[in-house]
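Q: Can you keep this structure in mind? I'll have questions shortly.
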């Protein structure tokens, strides 16, 4: 995309500074205690009360208004069509790079949405569960392409979303273990008539144009609202290295960890390994497959160097 094309695309968004966005919060304090915020934090990022009040409270209110609009439209159409069609879940998609903090954003939105009027049932699903199992990736020579579009069972993900939006009472999703770096064969996430479903993953806004047999429908077609969590690559790389070092001292120490072989790396070796993985896999995926999708989002959250959201862009 040229600079002119990018500028034109960004004109489709209303831009808010953090201060401007924070003003949309009409004096409401976050309904989360300090302990609850701590439980929602990632392993290397904190969630301040100011971050919740300034950024996520207005976002939560916006999402609630969008959901209420959908409900009213559904009821109006039922009256017009003289049908009693079942109400289906409000689906929110959250995309962004590895290590950008999208999982924390997803958990925060889940916590706030569950406190909306009526206490809706809110489920969070990650697309990691729709990665092909390691044995399949190894057979296809794709282990070093894990996270790239071809490493996902997109058909299964689309089937899951189709069932969800068809109002199927019970929908199941596979689960993924970041410890074993593989699908958990003995665990399934079961969603029973949820009101809101958050689908989080690096690939949720991607448009797969490769392969004649791929369906002409995309994951994002099922979203009622989509969010892209953005940041400068140098900052994301810094966070990735920090996360790698923390995991080296914690999860990697466990014998069952896929990355157990990295447990004894020195600080210098850990940094070098994290940088190598980034520049050969995650950084390449970000540049080619993830970042180009941000302009497909309804809202972009742009973070600064300290995980603090500095700018919000909302599609007009």
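Including glycine, each Cβ sits where the backbone N, Cα and C put it.
Got these off Swiss-Prot a minute ago, pasting:
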type    : residues                           : note
BINDING : 96, 97, 98, 99, 100, 101, 102, 103 : ATP binding site
Q: Which of 96, 101 (the binding-site residues) has the most other Cβ atoms within 10 Å?
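A: Comparing the binding-site residues 96, 101, the most crowded Cβ belongs to 96.
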Q: What are the non-local neighbours of residue 99 (ATP binding site), defined as same-chain residues 6+ apart in sequence with CB under 8 A from its CB?
A: 236, 237, 239, 240, 243, 282
Q: Give the three-state DSSP assignment (helix, strand or coil) for residue 102 (ATP binding site).
A: helix
Q: Under a three-state reduction of DSSP output, how is residue 96 (ATP binding site) classified: helix, strand, or coil?
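A: Note: residue 96 (ATP binding site) is in a strand by DSSP.
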Q: Quick one: which residues besides 96, 97, 98, 99, 100, 101, 102, 103 have a Cβ within 8 Å of the ATP site's Cβ centroid, in sequence order?
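A: Neighbours within 8 Å of the Cβ centroid, excluding 96, 97, 98, 99, 100, 101, 102, 103: 202, 229, 236.
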